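J.: Here it is, the structure in full.
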């Protein structure tokens, strides 16, 4: 099997989708998981104002609303978490995303002071963080806050990882990659966009240039610039289409180099790294 087909199979991507049906797949998946794990009462998700968290948030709120109605358990709750580092440049988009999702509860935690404290403590020990590593600190601090909220509310931390992100490993290990459940897994970027269009989401939330926006020396650096390929190329590749050979090599190199991110901690029984 060619590596492209191996990747497509591993990530479960379909060449075409029915947006309405895929929305229901994700909603029913979350509902079934919570019904199986009866001690879980909340879903916790960080909202950035971008496509992925907006879609995931809408899925979470729909699942929780249906669970309350179907089970009669009023304790079920979706908690949307705002996690700015200082002043967020796309604050208006975040507010629009929250308005679209209509979460049961919104919690805002500014992580800037926590990052500054961590940076200062490490510096005292002789470890001076680069801008890149500090960016990963931000991603991990955001997840730490979400897990604290989940721990106090009998919750699960929900991830936004999807196929176009997973194939490149474009997430922080034990940061935004460290979650309990990922309802977007199997969808690529354009498919996620199609779901939001189906749901009537304001288009500026899914047409904006995706950015992790973690590095202060390169603020709002577009994902596509960091990756060296466009999401259109990634989506075409994941749908089994033939793309430019150079772009395909970039995607495959990312996939192979970041395998450790998609795998539990390596043990003596693993051989994927050899």
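Glycine is treated like the rest: Cβ placed from N, Cα and C.
What Swiss-Prot lists as ATP binding site is 46, 47, 48, 49, 50, 51, 52, 53, 160, 189, 211, and the listing cites sequence analysis. Annotated Mg(2+) binding site per Swiss-Prot: 52, 165, in sequence order, evidence recorded as sequence analysis. According to Swiss-Prot, the deamido-NAD(+) binding site annotation covers 140, 173, 180, 260, 261.
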J.: Which has the fewest other Cβ atoms within 10 Å: 160, 211, the binding-site residues listed?
T.: 211
J.: Secondary structure at residue 48 (ATP binding site) (DSSP, helix/strand/coil)?
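T.: Reduced to three states, the DSSP call for residue 48 (ATP binding site) is coil.
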J.: By a simple count of other Cβ atoms within 10 Å, which of 52, 165, 180, the binding-site residues in the record, is least packed?
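T.: Lowest Cβ count within 10 Å among the binding-site residues (52, 165, 180) is 180.
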J.: Pick the one among the binding-site residues 46, 50 whose Cβ has the fewest other Cβ atoms within 10 Å in this structure.
T.: 50
J.: Relative to the Cβ of residue 140 (deamido-NAD(+) binding site), which residues of the same chain, six or more apart in sequence, are found under 8 Å away?
T.: 172, 174, 175, 178
J.: Mind computing the max CA-CA distance among 140, 173, 180, 260, 261, which the record assigns to deamido-NAD(+) binding, rounded to whole Å?
T.: 18
J.: Specify the secondary structure state of residue 140 (deamido-NAD(+) binding site) as given by DSSP, simplified to three classes.
T.: helix
